[in-house]
Amino acid sequence: MPGTRGPRVAMLSVHTSPLDQPGTGDAGGMNVYVLELSRALARRGAEVEIFTRATSSAQPPVVDVQPGIRVLHVPAGPFEGLDKNDLPGQLCAFTAGVLRAEAHRSEGWYDVVHTHYWLSGQAGWLAAERWDVPLVHTMHTMARVKNAALAPGDVPEPQGRVIGEEQVVAASDALVASTREEAEDLVRLYGADLDRIHVVPPGVDLDTFTPPVPSDATARTALRERLGLPVDSPLILFAGRVQLLKGPDVLVQALEHLPEEVRLVVLGGASGRPTAVRELEALAHQCGVRDRVLVHPPVERRRLADWYRAADVVAVPSHNESFGLVAAEAQACGTPVVAAAVGGLRTVVLDDVNGVLVDGHDPLAWADVLGALLADDGRRARLAAGARAASRRFGWDEAAAAMLDVYAQATKRRPAR
């Protein structure tokens, strides 16, 4: 990598654009990760071009996000109507689009290919070989991990994805894991070379996700009024895609066993199944709590911080999370988190320090934990203070510095492969 300038990074995110609204469709923490990491890399002098599949004829071919960051919409298959599981059939077209973009550059333009999720890894593998640059890959989720922790009624990941992930793991010059547990899964489940794995925790935008100022009850009341939320009710917030993997149904069923005044706010849209929100509302009706569940579409990130601040507790009942960005963001806003003791959530949430971990997904167990915390103002205040302190562990500038080191190490080791 040249020493006179920052690296030129081809960032691939096939199935979801960093410009999409998180909380709907396939847009979630990975979108935030790709965009915020790119911004932090650009602040350190890198030039980042993000390749993503075009999903609308109205999308411009290129979007200049800010100096040093461009998003390129690559036509690959129909704009609409493709499920994520249909995308392997469009990878040849996507890869060709990525290679065409480089063809308009001077030879050797890109210094590194950084891919996100296995679909991108497949395309990036070919691009990196063609350009003779290192391939750095971040899994974000793994089929074997997801299939071992399926929610009741959820559909397992196909074997084709497992094979694709094995290929990408073997081809990568460097693998980036968000936590040590994820690194161990890469070795245990995919036979990854430990020497090629780098643990780089994602960051949180600590300028956006901040504690409320002022933090008194009057300010909380005004905030809830502005958001259209009940002023006097204890509020549990679920923020994320409405899908079985994320476990919002656990909270709806738990609500049946909580005091009448408690409200659950579901901030997110359907993912995978277009009827997911309606099905969750039907479950709430079946449990007799429909009037206590408030469903709101996802909001842009600066507004999201206010929703975290307005809640008494943020609940993350996911069946699996490689990291748990919602938990980290909520903590940065000074809101205690109740989370499932799975995956990366065990790294983000330190039990009884900045939140509470719950074993399993039994609604009664969740009701017990949530009810006890909502009834204990002193404990919530202590956990809120711990949450604010713990959030300082995660910053995007630190993540970018570590990632630049990963790129440099991958470049050094590539000739030996």
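Here the Cβ of each residue, glycine as well, is placed from N, Cα and C on the backbone.
Counting every protein chain shown, 24 other Cβ atoms lie within 10 Å of the Cβ of H15 (1D-myo-inositol 3-phosphate binding site). The feature 1D-myo-inositol 3-phosphate binding site is assigned by Swiss-Prot to H15, D26, A27, G28, G29, M30, N31, K84, Y117, T141, R161.
Here Swiss-Prot flags Q21, P22, G29, R241, K246, V299, E321, E329 as UDP-N-acetyl-alpha-D-glucosamine binding site. Under DSSP, E321 (UDP-N-acetyl-alpha-D-glucosamine binding site) is assigned to coil, being neither helix nor strand in the three-state scheme. Counted within 10 Å of its Cβ, the other Cβ atoms near E321 (UDP-N-acetyl-alpha-D-glucosamine binding site) come to 27, all protein chains included.
If you look up Swiss-Prot, you'll see Y308, R309, A311, T335 marked as Mg(2+) binding site, on the strength of sequence analysis. Every protein chain shown contributes to the tally, and the Cβ of Y308 (Mg(2+) binding site) ends up with 24 other Cβ atoms within 10 Å.
Ranking the binding-site residues N31, R161, Y308, A311, T335 by the distance of their Cα atoms from the Cα of R241 (UDP-N-acetyl-alpha-D-glucosamine binding site) places N31 first. The closest partner of H15 (1D-myo-inositol 3-phosphate binding site) among the binding-site residues, by CA position, is E321; the full candidate set was V299, E321, E329. Take the Cα of R309 (Mg(2+) binding site) and measure to each of the binding-site residues G29, V299, E321, E329: the nearest one is E329. Here the Cβ of A311 (Mg(2+) binding site) has 26 other Cβ atoms within 10 Å, regardless of which shown protein chain they belong to. Residues near E329 (UDP-N-acetyl-alpha-D-glucosamine binding site) in space but far in sequence (CB under 8 A, at least 6 apart, same chain), listed by position: V204, D205, F209, L304, A305, Y308.
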